Amino acid sequence: GHMAKGLRQMRGSLRRADCLVEVHDARISSHIPLSGRNPMLQEALGIRPHVLVLNKMDLADPRQQPVSTRGAGAGRAPVGPLQDSARSIVPLVAKLISSSPRYDRAENAEYNIMVIGVPNVGKSSLINSLRRLHLRKGKATAVGGEPGVTKAVLTRIQVCETPLMYLVDTPGVLPPKLGDVETGMKLALCGAIRDHLVGEDIMADYLLYTLNRQQQFGYVQHYGLPEASDDIGHVLKHVALILGKTQKVKVLTGTGNVNVTMLNYSAAAYEFLRAFRAGRLGRVTLD
Ligand SMILES: Nc1nc2c(ncn2[C@@H]2O[C@H](COP(=O)(O)OP(=O)(O)OP(=O)(O)O)[C@@H](O)[C@H]2O)c(=O)[nH]1
C-alpha cells in the first residue's frame, strides 16, 4: 500500500522532472531497471533523459561486469561506481537535458532531477555526495515548499549552483510485482525488503546457496568453519557458537519447568546477513 502511495505522490513531481536518475544496486546486476517495469515511470522515461547509476560497487564482485550497463544507448547513460563518477553526474545530466529536443532551456534555467530506486539502494547517499561535491558547506538547502511537493516525502534539494540544479529525492519504491521469488530474495538480501517480511532464516539459506554456487567461500574463513557447507543449520550453529548467540528457553518436564540455554539460530541468521551486507563475506554479486 505505501509503495502505491509513494508512486502516486511521485507522479506530480515526475511531470516537472527534466531528467531521471535511477540508482541501482550493482550486486543485482541483471535486475531490470525499476523504470522499465513501471508504466508510469516508463511513460515519463520516453521523453526524458535517463541516467542509470550503479551504486555499492565496493560490495559487488569486481570480476562481474554489470549487465545493466549493456543497456547503454537508447537514451540511457550508464554511470558508476558512485565514488568515481559522482563528479560526472551533474555535467552529464546538464548535457543530456540541454540536448533534449522537448525542452526549451532558455525559458527555464532550472534543472530538476528526480532520483528513483528501490529502498535502501543509496539514493540519499548519492544526493549527499553530490551536495558535498558541488556546494560549499553550509550553503542553503532549498526544500520544496511548492504545491504538489510533499515536504515529508518528496524534498527538493539543491545540489549545484551553475547550472542551478535540484534533485528530488523519492521514497524507495518496489515494482508492484516482482518477477520471481529469486528476485525478491536478492532484493531482500540487499535490504530493499524488510527482513521480517521474508524471514531471516530463509534469507540466510538463500545467501548460503548463492555463496556456494558462486564458489565465494569467504564465509568459511570469516567464521573459521572447517570447510564449506550447504547445510544452513550447520553453518548457523557454528555462527551462533562463535558469536555466543544463545537464548534461555523454558522447557516443561514431568518434574517441573527447567530453563535450558539453547543456540539462537535467528540471531545467528541475522548476523550472517549483516556480515554479508557489510561486505565481510567478500564482494559478492548476487546474479
Ligand atoms: N558499502 C556501501 N554502502 C552504501 C553505498 N551507498 C550507500 N550505502 C549504504 O546503504 C544504506 C542505504 O543508503 P541510503 O542512501 O539511505 O539509501 P536510500 O536509497 O536513500 O534508502 P531509502 O530512503 O530507504 O529508499 C546506508 O547504510 C548507506 O551507508 C555504497 O556505495 N557502498
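If you go along the chain as it appears here, the first residue is 1 and each next one adds 1.
Just so it is clear, glycine is given a Cβ too, placed from its N, Cα and C backbone atoms.
Per TrEMBL, GTP binding site is recorded for N55, K56, M57, D58, N120, V121, G122, K123, S124, S125, G172. Among the features that TrEMBL reports, domain 'G' is placed at 113-177.
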Counting every protein chain present, what is the number of Cβ atoms, excluding its own, within 10 Å of the Cβ of G122 (GTP binding site)?
21
CB neighbours of N120 (GTP binding site) within 10 A?
17
Test of understanding: give the count of other CB atoms lying within 10 angstroms of the CB of N55 (GTP binding site).
24
Taking all protein chains shown into account, the Cβ-based neighbour count within 10 Å for S124 (GTP binding site) is 14
